[in-house]
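Trainee: Residues or ranges marked as signal peptide in TrEMBL: 1-19. Taken from TrEMBL, the feature domain 'Cadherin' applies to 17-123, 124-232, 233-340, 341-447, 448-557, 564-675, 734-830, 837-948. The transmembrane segment annotation in TrEMBL covers 684-707.
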Amino acid sequence: MQFWDTVFVLCAVWPAALSVTRYSIAEEMERGSVVANLAADLGLELGGLAQREVKLDIFHNKKYLDVNKKTGELFIVEKIDREFLCPKLTSCFLKLDVIIESPLRIFNIELGITDINDNAPHFRRERVELDVSESASPGERFSLPNAVDPDVGINTIKTYSLSRSEHFAIEIQTGSDGTQYVDLVLTRSLDREQTAVHHLIVTAVDGGVPARSGAADIIVKVQDTNDNPPRFEKSVYTVNMTENTAVGTLVTKLNATDLDEGLNSEIVYSFTLYTSEKTQNVFAVSPETGEISVKGTIDYEDMKFFELHIEARDKGAVPLLGQCKVVIVVKDVNDNYPEITIESVKNTVEENIPVGTVIALVAISDRDTGENGKATLSLSQSLPFTLNQSEDRPKHYSLVVSEPLDREAVSDYDITLVVTDAGTPPLSDNETVHLHLLDINDNPPRFPQSFYTIRVTENNAPGALLSSLTAFDPDLHENQYLVYFILEKEIANTSMSMLFSINPENGNLYALKTFDYEIEKEFLFHIEARDSGSPPLSSNVTVHIVIVDQNDNAPVIVSPWRAQGSVVEEKIPRSTDKGSLVAKVIALDVDSVHNSRITYQLLQVTDATLFSLDQYNGEIRTMRMFSYRDPRHQRLVVVAKDNGDPALSATVTIKLSTVETAVKAYSDMTEVPLEYDIFSDLNLYLVIGLGSVSFLLLITILVTIVIKCQKPKASKAAPACRNSVISERNSTIADSTLVSNDAYWYSLFLAETRKGKLVVRQPVPKGSRYIVSSIPRENGNLYALKTFDYEIEKEFLFHIEARDSGSPPLSSNVTVHIVIVDQNDNAPVIVSPWRAQGSVVEEKIPRSTDKGSLVAKVIALDVDSVHNSRITYQLLQVTDATLFSLDQYNGEIRTMRMFSYRDPRHQRLVVVAKDNGDPALSATVTIKLSTVETAVKAYSDMTEVPLGYDIFSDLNLYLVIGL
């Protein structure tokens, strides 16, 4: 049954498939272009076509055509390239079936694709090189590659053309299959010497509209033939030569040229038969270079001229040649050199010698006669000297100074005298006179700068080198030996020489005292550099010393008033509103603006949720209202920290007690001896008092420095020294050299090194740490008699005097500054948390403690120096590492998360405090934390500690202040 259904369907559609519908379109039509109305041509109804499925054939995996079911139009889906579908075919047809279902019908469509001129002709080789001999005859032909064009009909190649050429043309041949062949034809003889390479362009043009074309480069290289003889630049060369010319001297070089190339252009030079044998014995010609040189002796009296006949022959198969004649004219020579005689000379003079002074007397002579015997004397270069010719004796000259001389510009002159005769060619001789200039003191010392600004950090060590102010003097010897002085100037009745010292030999500037920025901020004075000439010359420079502040003053808390000790007690109503001002902390710092900026922090607080502290103005305010659960007593530890590096700080402990009513608080506050307004006045008085004390302390320090720096009275036999202190040196007793079991020595450098013995200027007190005895002149060893402890004594300052053994004896002194360098010999001491019952600290905290809450704070102190005493904290052991974190810098232990029911009730933490020494020292503390269910239980348990928390905090504060 299925078979008969299929036969029926085929019989139904077969009549429609037998007819063929033909269309013609041009290639490369745009997508969407309409070919024809297929529905109208096939007699299909548009209404039913939209409901039926229409299929068209696919070629080369591309669908080129489709049917619009709404309009019945056959349109372009993909651009059609005729050269792709029908390569090398003149006619191109696209046959396809249109299948329409429901009911099934098949239509045959034949689409003729017409060619358009969309392809330009092109050559398979875009560059063609041809080798053509220059002897080739006109009419010779050379095949060229053909161009191809994939288009057909009139759009294919129509003609060829050649770029303009006087020697070539093209001819087109057509084969039996219609293919065109191109030949390059020589129309005119070639000359390689005129044009060695011909650049041609052959162009293929098709017949399309508009026409397209393609081109190829034709490079014709002309091959050489020997058709050019060598040619000389001249037929006759004339050369003038003097007699006695040395053998081997080059007379001239002949240059013949051959326009050919290769062997045809290589030339060989030789004498012809017309050159006499005598001439060939005197001269030689190089076959390769054409150089004519002297072979024998030339004598003017024997022969006054020579004729040389030279030929140049190339190396072609049939050699060609050219000839020339060289005439050599011999001339008599001036063979006696003029002479110079130095009759008198001054080789050394002072640089300030007057202009016109005679340096030397010179005479000249020449044994020749006539023009060859006439000689003149001159200077070979431009110098500040001139030659004066004698009027009565023309061959005598005097060398005199013509310009002022300057030794600093030129210290030595080599004056070259040149004598030249009038011969042809002229002969000359020379003689050199050496002149050395002696120095005079005509240049003052010069500093590189006219103004120096030197920045000195306060708290400097006495004797510290501040700068090296070196001047330069271009003079020599004693005229350049400089001595440096500080020009005396007094500031506040203090001489600059008491504050600063300069090494007179090298200009090193030292500080004689420790400067305090808070007392003196700058100094302005002059330094003079004076040479040792006669008379001496000097110059000075302005020095501006700027004292740079260090953060050496900790903040001082001036409010709130601490009348009863270090703890401030305040009472506030329990009904205080949120945001109310409880207290205000005010701290002052006398350092510079940058270092004295104060910020405030809450170091400890009983309840962190109850109070807030403004870090800039120090105001303590309530963050919420008090509740019945809040303890009656609140303890706050506030730290005031400055902006220095490292920062310094001060702390104040405020104990707040809440009372039930404002009246009760007021009645309790009246027990304070001073009211708030009076307290504010008291702060003002306190500031004034501190300023007065600071001023008195400054006056005391200045007076002490003046007394200490006064020079001791000299003996009647000894003259007074220029400066009481020669120099200061910072000395560090470290890396000492062991002399004996109990003696260490340290070598000191003295600014002046007069011969003598080193003695102590002032008596050594009994039990002194030093011993100085009669010391050999070669050294100045200073011995230490005890072991020093940096924590007890950090520096020593004393004077040492060097006195010679002359009569009367002379002496000078030096200030010695011994600085003890700290070693890390003290381990940190843990002062918090308080360990009343042993090495284990027990703390109780609520189990409901939030994440980030402060559990404990470890505080350790180290009495070593600043560098060695920097403390860092680490968790050495911990029961649960996910539960607690430790800040390595401030020692705060905080919770990293909330407690869960799985966490053990007891937590054990071992904290190590390590200093910054090398090797580092450390201390440990064990903290046992127990969690309780409520905060009330934790508080009640904490009260069982023998010492209250407030007393414990006060103890820490006193310990810090004491250290």
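Cβ atoms are placed via backbone N, Cα and C, with glycine included.
Curation does not apply to TrEMBL; its annotations are automatic.
Worth saying up front: this structure is predicted, and the values here are computed from it rather than measured.
Looking at the shown structure, can you explain where the listed features end up?
Mentor: Averaged over the domain 'Cadherin' (341-447), the predicted model reaches a pLDDT of 91.
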Trainee: Go ahead and report the DSSP secondary structure tallies for the domain 'Cadherin' (341-447): helix first, then strand, then coil.
Mentor: 4 helix, 54 strand, 49 coil
Trainee: May I have the DSSP-based helix, strand and coil counts for the residues of the domain 'Cadherin' (837-948)?
Mentor: 8 helix, 48 strand, 56 coil
Trainee: Let's see if you can do this one: DSSP helix, strand and coil counts over the domain 'Cadherin' (124-232), in that order.
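Mentor: When I sort the residues of the domain 'Cadherin' (124-232) into the three classes, I find 3 helix, 56 strand, 50 coil.
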Trainee: Treating G and I as helix alongside H, and B as strand alongside E, what does DSSP give for the domain 'Cadherin' (17-123) in helix, strand and coil?
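Mentor: Counts, helix then strand then coil: 15 helix, 43 strand, 49 coil.
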